[in-house]
C-alpha cells in the first residue's frame, strides 16, 4: 500500500484525481456517483456527544461502539475505491503486531513483581483499544473534506473542551457528585465492584485524594481520572482556540476566549503539574509559530497578555494552591520507583516486553511494604501506570516503544511546515504526546485526539507534495 495508493492495486492516485476503478466524477477516498456521501457523523457524535456517553457509563467504550460503523465504511471503501494509509503506517502496524506478540509473555513472572499480577484482561483491553483507534485514524484520513469538513472535526473537539471545562467546575463545586450509570447496572456485581472498572463506568465529578495531608478534590469529569482530565483539557484547548478564536468571529470568538480564561481555575485546582507545564509549552509553541510567520506585533501583544494573566494569577488565591502543590510533591517518589521498575522490566525483555503491566513488590522504601486496611494505597504500585512511555516499555519492550515513537516522530517531521490554523493545531497536538508520555497514560481519549490530529495532517497535505511522494515511492510497499 503505497502512500496515496489504493489498497486494491499498485497504481498511484493523488487526492482529487480520478481513480481508474472509481465512477466518473468520483475522487479517491470519496464514494462513487450515485451513492449517498458519508458525512462523518459517527466521529462528530462520538466527540461532541462524549459527555452523554460518559453519563451512560460507556466512557471510553464509546470508541468501541462508534468504531463499528467506521470499520464498516472502511471495508466498503476497500472494496470500491481503495484505502489510503498515513506516512510511516508500517511503523504503527508493526507496533500493533508487537502488542499481539506480547500476549505470549503475559503468563510469565517478572522479577521483582507480585506473582500473577499481570493478566490477560488488561492486555486484551489495551490491544483492543489500539485496534479501535487505528480504525479511527484510517476513517478520518480516508474521508474527504466534503464528507467530513475539518471545521466539523475542530468544532466537535471544541465542544468537548467546553464540556471538560464544565466538568472541572462540577468537580470543584460538587466534589462528591456521582451516580450509578445505566451500563453499571448491567454489569455483574463482581465486575462492577472492581476499582479499575469503577473508574471506567461509574461517573463521578472528582477524585478525592490526600495531597496536602487532608482530603483534596481534583476534578475529573467527564473523564476517568484527574490526570486524564488535565491531559484532555490541554489538548482540547488547542482546538477551542483554533475552532472559535482563530476561525470564529464576533461574540463566538469572545465567548471562546472567556471559556479559555475560565479554564484556568479548575486547571489550577486539578493540581496537575505536568499539565501546567504542557500549557506553558503550548503557549511557547504558539508564539514561535507566529514569529516564524513574521507576526512580531501579534507576539508582543500575546506576550503582554500572558504576563498580565500571570500577574493576576500571582495576586489571586490560586497562587497559594500552586505554591502548596509545588511544596507537596505527593507522588514523586512512587512515580520514580515505578518508572525505574518499568525500565528494569523492559531491560529483561527488550524485544516484546511483558504483554501488560505488573504490580511491584513492596514500595520504593522496602519490599515488605504493602497495602493495609489503614493504608490501602501503600506498596504494590502498578509498574508502567505513570505514563504512556513507561506502560509501553513494560508491555511492548524497547523495540515496540521505538516503533510507536518513530511513527509519531515521522508525522511531526513530515508536517513540520504546516501553516494553516488546523495544521498547526494538529502538529501541536502530536508534539504534546512527547511531553505527556512521561507523566500520563494516553490510552484511550488523549491518544484518540492525537490520532485524529494525525489524520487531519495527513489528509490535508498539499496535493503537490503528495504527488511528489507518490512518484518517489511508486512500487514500494506502504
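The first residue you see is number 1, and the count goes up from there.
Yeah, the Cβs are placed from backbone N, Cα and C, and that goes for glycine too.
Per TrEMBL, the features are:
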- 43-68: transmembrane segment (TRANSMEM)
- 89-108: transmembrane segment (TRANSMEM)
- 120-140: transmembrane segment (TRANSMEM)
- 152-174: transmembrane segment (TRANSMEM)
- 228-246: transmembrane segment (TRANSMEM)
- 251-269: transmembrane segment (TRANSMEM)
- 296-315: transmembrane segment (TRANSMEM)
- 389-413: transmembrane segment (TRANSMEM)
- 425-458: transmembrane segment (TRANSMEM)
Query = Which residues of the same chain, at least 6 past either end of the transmembrane segment (389-413), have a Cβ under 8 Å from a Cβ in it?
reply = 86-89, 91-92, 94-95, 98-99, 102, 123, 126, 338-339, 342-343, 345-347, 349-358, 383, 427, 430-431, 433-434, 437-438, 441, 443, 450, 454, 457-458
Key: Stretch-level contact, the transmembrane segment (152-174) and the transmembrane segment (296-315), CB cutoff 8 A, at least 3 pairs   = no
Inquiry  = Same chain only, please: residues at least 6 beyond the ends of the transmembrane segment (120-140) with a C-beta under 8 Å from a C-beta of the stretch. Say none if there are none.
reply    = 40, 42-43, 60, 63-64, 67, 70-71, 73-74, 83, 85-86, 92, 95-96, 99-100, 102-103, 106, 148, 153, 196, 355-357, 395, 443-444, 447-448, 451-452, 454-456, 459
